[in-house]
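In what follows, a single structure is set out as structure tokens and then discussed.
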Amino acid sequence: MAGGGVVVVSGRGLSTGDYRGGLTVYVVMVAFMAACGGLLLGYDNGVTGGVVSLEAFEKKFFPDVWAKKQEVHEDSPYCTYDNAKLQLFVSSLFLAGLVSCLFASWITRNWGRKVTMGIGGAFFVAGGLVNAFAQDMAMLIVGRVLLGFGVGLGSQVVPQYLSEVAPFSHRGMLNIGYQLFVTIGILIAGLVNYAVRDWENGWRLSLGPAAAPGAILFLGSLVLPESPNFLVEKGKTEKGREVLQKLCGTSEVDAEFADIVAAVEIARPITMRQSWASLFTRRYMPQLLTSFVIQFFQQFTGINAIIFYVPVLFSSLGSANSAALLNTVVVGAVNVGSTLIAVMFSDKFGRRFLLIEGGIQCCLAMLTTGVVLAIEFAKYGTDPLPKAVASGILAVICIFISGFAWSWGPMGWLIPSEIFTLETRPAGTAVAVVGNFLFSFVIGQAFVSMLCAMEYGVFLFFAGWLVIMVLCAIFLLPETKGVPIERVQALYARHWFWNRVMGPAAAEVIAEDEKRVAAASAIIKEEELSKAMK
């Protein structure tokens, strides 16, 4: 959905009027079903750390870790889970996801958003079933790779699809539905792990349900409408108008449809190869850098270190296995509740405000965690921490989770999905997902080794990065709240810093935007004149 009305160009940026359509029951249902794709990523992220701490799973696949846990702590308790095979199990999914999302951009542009979602769902079903029946480490990794292919495809296409079907005034709310379902998936995984913690083959019941969100996405792709943008791009103009009218709940979509058609006319002659080539020109460099860097920042908040390894972390600090798994459920519940706040307020307060506030909150929480662990382990050495201290650390981690869940979590997916023009969107969103999976792989592969080597310092490491993130959000990120997707590039062209990065292309973008503003204004005036004459 184009999202936006007449744009009034001012000296400082863009403001928007209203298109005729608004939030309808139909568009909410469509967004809800597509956002279920977030369950794929969420369930897998949530189940990974918990299943690793299940006794039967450890004995079968990671006997070295199990043996180390049974020994008296003579070395640092931070090193209990420092195991190469365990790190490969966690991070292999993200390596596969990185590969699949490179192909996802081609599939999305040529076969459509629906087909891409269907293929991603099918991969996830296959991966969940393979893991549920895994007999050895090799089979486990194959299942993880299949899951990675599914997550890569889903993560690339679902945010893009949501941005294209959502009305601009509610784009943030509906797009964050994806992140909300990621958090719901994490919570469900925590509940499943806790429920099966004492079962001999409970780990199979933890890994197997991963097929369920894949099935939901696959079946949903059969009934969801294709996005108007893709239909127009493929020459199905009238069908695109019909879908847009249904999404908007009104037949008066001329201005919005004109925006979509104009954007498609620019993008149509551009091949996928040209789309990738265009992305690396100065004209599109601001969006490219924003998209990639925000993925780096999202992962270097330390979020996946927490989500992957919450049970592992608390086990390392001396908590009993059941208590460690229960802590995961608590963290998951806080995650869901805080993401709901982002759903309600992202279109009210804007992206930058949430990133800045959330970044400061996360930084203080990481700093507190590092300092408390340094002080307490100096007191207790390799002995388990007292329950009161562990509970305090859990509370601080929940503060971190809440800050992330209404800021860098949802904005890390929302912002890249709304800043690219149609001709660069497939390649641009692919770059965002590649960045996300690349840095998720790095964190998944390295965190337990970092924890072993840096001890409490690993939390101070993430706190330092959070300071940098907040400063970048303050000075370098344009506010995209309420700005139509097709005109976000003009927002960058008028930004004090990105204007210089774009060079002469900035003036070209501003001139093109002014022409489109005039055209959209003329269409609306015609409509008003026609109504007045009736």
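The backbone N, Cα and C atoms fix where each Cβ goes, glycine too.
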Membrane-wise, does Swiss-Prot list LYS114 and ILE485 under the same topological domain?
-> yes
Mean per-residue pLDDT in the topological domain 'Cytoplasmic' (478-534) works out to 85
Return yes if the transmembrane segment (329-349) and the transmembrane segment (388-408) have at least 3 CB pairs under 8 Å (sequence gap of 6 or more), otherwise no.
-> yes
Which residues of the same chain, at least 6 past either end of the topological domain 'Extracellular' (195-204), have a Cβ under 8 Å from a Cβ in it?
-> 51, 54, 56-57, 60, 132-133, 321-322, 325
State the residues, same chain only, that lie 6 or more residues beyond the ends of the transmembrane segment (174-194) and have a CB under 8 A from a CB inside it; answer 'none' if no residue qualifies.
-> 27-28, 31-32, 34-47, 50-51, 53-54, 158-159, 162-163, 165-166, 205-206, 209, 213, 307, 311, 322, 325-326, 328-329, 331-333, 335-336, 339-340, 342-343, 346, 405, 409-410, 413-414, 417-418
Using DSSP, break the topological domain 'Cytoplasmic' (409-433) down into helix, strand and coil residues and give each count.
-> 19 helix, 0 strand, 6 coil
